[in-house]
Every structure is written in C-alpha cells, then in structure tokens.
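Data first, discussion second: the structure below is written as structure tokens.
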Amino acid sequence: MKPTTIASLQKCKQDKKRFATITAYDYSFAKLFADEGLNVMLVGDSLGMTVQGHDSTLPVTVADIAYHTASVRRGAPNCLLLADLPFMAYATPEQAFENAATVMRAGANMVKIEGGEWLVETVKMLTERAVPVCGHLGLTPQSVNIFGGYKVQGRGDEAGDQLLSDALALEAAGAQLLVLECVPIELAKRITEALAIPVIGIGAGNVTDGQILVMHDAFGITGGHIPKFAKNFLAETGDIRAAVRQYMAEVESGVYPGEEHSFH
C-alpha cells in the first residue's frame, strides 16, 4: 500500500474531498484502521484519559507518547502518523525539538502542539529541522485549568479574530496541518477557507477539510461525559470494522458531523 503523506491531505483540500482521521494507541486497532483504509492516525495525549484513566491529559509523558507511537506504527506502517507533544514538553523551542526527536524516532511523521502565536518560534525551530508540525487551536485540553473546564472557544468577534490570527501565524511559521477543537462552525469555516494548509475539525462542524474523533468516542466506550460532537458508530453498525467504514463514509459525504454535533 502506498504511504499516506501530508501531500495526500493537501491534495484532499485542493480537491475539496473530506477525509477522516482517528486516534490510535495500540497495534491491534491501528492495524484494523489501516486495513479498512483509515490511514491518518493520531497518538493523542487523550490516552491519559482513555487508556490510563486520568481525569485530564496533563499526566501524560513523552515516554508514554513514544511507547504508543511505536505500537501504532507497527500496526499501520503506511499511515500518516501524528503524535502529540504532551503538557510541558515544548516549553522552549529547544525542549520541543528534543522531545519531537524522541517521538519521531518512535515512528511519528509529524508532531502536534497546542497553542497560538506564542508558538511561532517553536514551530520555526521544528520545521527548519525537518520536524513537520500540526497546530492545535480552540479547546486545547492541556489548557483546561486556564479555561476552567472543557468549553467551546472562539465565540464572539474578538475571540474569533484572535483564533484566526493564531491560525495564520502558525501557518506562516511552517505548520502543515491544523486541528480546530470545539469552536463555532462559522469560525471553523472562516479559518478553513483562510488557510492553505488542511484543517482537521473536532467539534467544529462539517466545514473543515477533515475530521478526527477519539476512537473511544467513535465506538461508544467512553466512560463518563460524552462530548456533544461525538457519535457512536458502533451502535449503528454492531461491528467495529463496519463502524470504521461508516465513520469514514459519513465524514467524506459531509453527513457527520451534523447540526446536532456542532456549535454556534
């Protein structure tokens, strides 16, 4: 199978073809996703909650991310694999580069970091040294204590303009992908249209170039609070492989996420 690359996603944006992505944490699920043609995966620091049982992503370490990245890579050798740099792993550009090298050696193709314009020098540091970067704006879970909980971001003109400014700054610094989480659909549309790079949404409506879901949300095995943007595809299909195919089909057609999964 031909490897999926950032160029593959760039072509999807150019062709206005929506694409699905998903989190993965181990060999078995990564292989299953790849076998069904879902070839863009993220080893997210969400593993702190879904795999380790913490109440936030903050306890996750670079070693944790590297371990799970290596497992996923073995299951999906040709996927485009993103890996989060976890909380306090990129406080300085130099620290970011050192930790990015660790997860890249484990098998990642790209690192994802949360934050806006303050990350410009870090993004430049990484991309100039051959480390591809995916930005992450909106509800950035590592900032949960600043936000006072998991809340929609970017509502109102000032907040929306700031997120757009952040997105443009990250792109100008060299970021090649952007994740937008829990923002109003109208703002997601503005940002997606303003950027040349692909934008992946989660809780950002069906107007972004791609979608991502935490796999546990997609299969209805999340404990506790279920996010508004989540959909249990396993409940509809009764089979994990069929659920993966249904998720991909609904993303590609624009059926998911629907109005009931979106914010304004």
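Backbone N, Cα and C atoms are what each Cβ position is placed from, and that goes for glycine too.
Under the heading Mg(2+) binding site, Swiss-Prot lists D45, D84, E114, citing sequence analysis as support. Sequence-distant neighbours of E114 (Mg(2+) binding site) (same chain, 6+ residues apart, CB-CB distance under 8 A): H136, L137, T140, P141, Q142, S143.
Among the features that Swiss-Prot reports, 3-methyl-2-oxobutanoate binding site is placed at D45, S46, D84, K112. Under DSSP, D84 (Mg(2+) binding site) is assigned to a strand (E or B) in the three-state scheme.
As annotated by Swiss-Prot, active site, proton acceptor applies to E181, with the evidence given as sequence analysis. Around E181 (active site, proton acceptor), the same-chain residues at least 6 positions away in sequence with a Cβ under 8 Å from its Cβ are H136, L137, G138, L139, T140, P141, Q153, G201, I202, G203, A204.
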What's the CA-CA gap between D45 (Mg(2+) binding site) and K112 (3-methyl-2-oxobutanoate binding site) in angstrom, rounded? 10
What number of additional C-beta atoms lies within 10 angstroms of the C-beta atom of D84 (Mg(2+) binding site)? 32
Would you mind ranking the binding-site residues D45, S46, K112 by how many other Cβ atoms sit within 10 Å of each Cβ and giving me the lowest? S46
How big is the Cα-to-Cα gap, in Å, between D84 (Mg(2+) binding site) and K112 (3-methyl-2-oxobutanoate binding site)? 5
